[in-house]
Amino acid sequence: MEATVLLVTDSITLSSKVVTWAIQEFKEKADRGNNLCVLTQANSLEWKSYFSSSSLDVVVFFSEKCEFHKQNLVVELARILKPGGAVFIQTLVSMEDGTTKIHASLEHSLLLAGFVRPEVVASVEGLASSDGLELFALRAQKPTWETGSSFSLKKKSVQKQESLPKPGALSVKPEMNVDLEDLIDEESLLSEEDLKRPPLPSASDCEVSTKRKACKNCTCGRAELEEKQTKLGLTVEQLNNPQSACGNCGLGDAFRCSSCPYKGLSPFKLGEKVSLPGTLLTADM
């Protein structure tokens, strides 16, 4: 049966207390030591060819050197671990330096190698120590995915909108209950101003063209205007757009000559319509 738990140390021997601890700590993976492998004198990486990538569930590394945590070693531990596998590293630390420095350095190396959730744990008794040194242990986990792996994102299923019925497809006609008392009399909406007869159009608004005479029963005032024009001997053009060769026709009778066609009319402005007085047709007494 292939090993799933690996104990690695850079010393010549490994204490039996450490082996016992590993069997108890990783009981299911170690299977009472049947799936446990111990590797000593692992000063170099010559042993990396012993294990294929992603083949171990747990790797425990014990070191008697304060400077053991080289980046290439941590990367190798990440390679041989399965996704979701755990790594446990215990080393000696100088009491003068304290654990802060080694903690930051080792945690940085683990994160760069791809491990997650590094945390300080209780150290294992049985590792030889010298005066002025103390034990320090750190544990981390390999992510549950492989480096370079890919997976497809699941798209949420979009439910098709129910098609709306086409116009005229409904066979059920709505019932309309109309109360006759609710109907409004249209005549009640008209005011007295609306009922008044509109004013008759002025002579200028009559539909009769300028070249035709007023109708027989003219009521718009056009016949009266034509009668005034006949009495004065002026054309419609002379009244609507009066012009003067001498420039005195619009000033009044005091300035007009004896043959002026506008003689007898009130003063007016040249180019503007001449207004005829209402007493023009009144007989002189």
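Here, residue 1 is simply the first one shown, and the rest follow in order.
Backbone N, Cα and C atoms are what each Cβ position is placed from, and that goes for glycine too.
Here is what Swiss-Prot says about this protein:
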- Cys206, Cys215, Cys218, Cys220: [2Fe-2S] cluster binding site (BINDING)
- Cys246, Cys249, Cys257, Cys260: [4Fe-4S] cluster binding site (BINDING)
- 1-150: region 'N-terminal SAM-like domain' (REGION)
- 150-195: region 'Linker' (REGION)
- 206-220: region 'Fe-S binding site A' (REGION)
- 246-260: region 'Fe-S binding site B' (REGION)
- 246-249: motif 'Cx2C motif 1' (MOTIF)
- 257-260: motif 'Cx2C motif 2' (MOTIF)
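The residues near the [4Fe-4S] cluster site, meaning same-chain residues not in Cys246, Cys249, Cys257, Cys260 whose C-beta sits within 8 angstroms of the mean position of the site's C-beta atoms, are Ser244, Ala245, Asn248, Phe255, Arg256, Ser259, Tyr262, Lys263, in sequence order. Rounded to a whole number, the C-alpha distance linking Cys218 ([2Fe-2S] cluster binding site) with Cys249 ([4Fe-4S] cluster binding site) is 32 angstrom.
Counting every protein chain shown, the Cβ of Cys246 ([4Fe-4S] cluster binding site) has 10 other Cβ atoms within 10 Å.
Every protein chain considered, the tally of other Cβ atoms within 10 Å of the Cβ of Cys215 ([2Fe-2S] cluster binding site) stands at 13. Secondary structure by DSSP for the region 'Fe-S binding site B' (246-260): 0 helix, 0 strand, 15 coil.
Look at the region 'N-terminal SAM-like domain' (1-150): DSSP puts its residues at 44 helix, 45 strand, 61 coil. Within 10 Å of its Cβ, the residue among the binding-site residues Cys218, Cys220, Cys257, Cys260 with the fewest other Cβ atoms is Cys257. Sequence-distant contacts of Cys249 ([4Fe-4S] cluster binding site), defined as residues of its own chain at least six apart whose C-beta falls under 8 angstroms from its C-beta, comprise Pro242, Gln243, Arg256, Cys260, Pro261, Tyr262, Leu270. Note: the Cα of Cys215 ([2Fe-2S] cluster binding site) and the Cα of Cys246 ([4Fe-4S] cluster binding site) are spaced 37 Å from each other.
If you measure from the Cα atom of Cys220 ([2Fe-2S] cluster binding site) to that of Cys257 ([4Fe-4S] cluster binding site), you get 34 Å.
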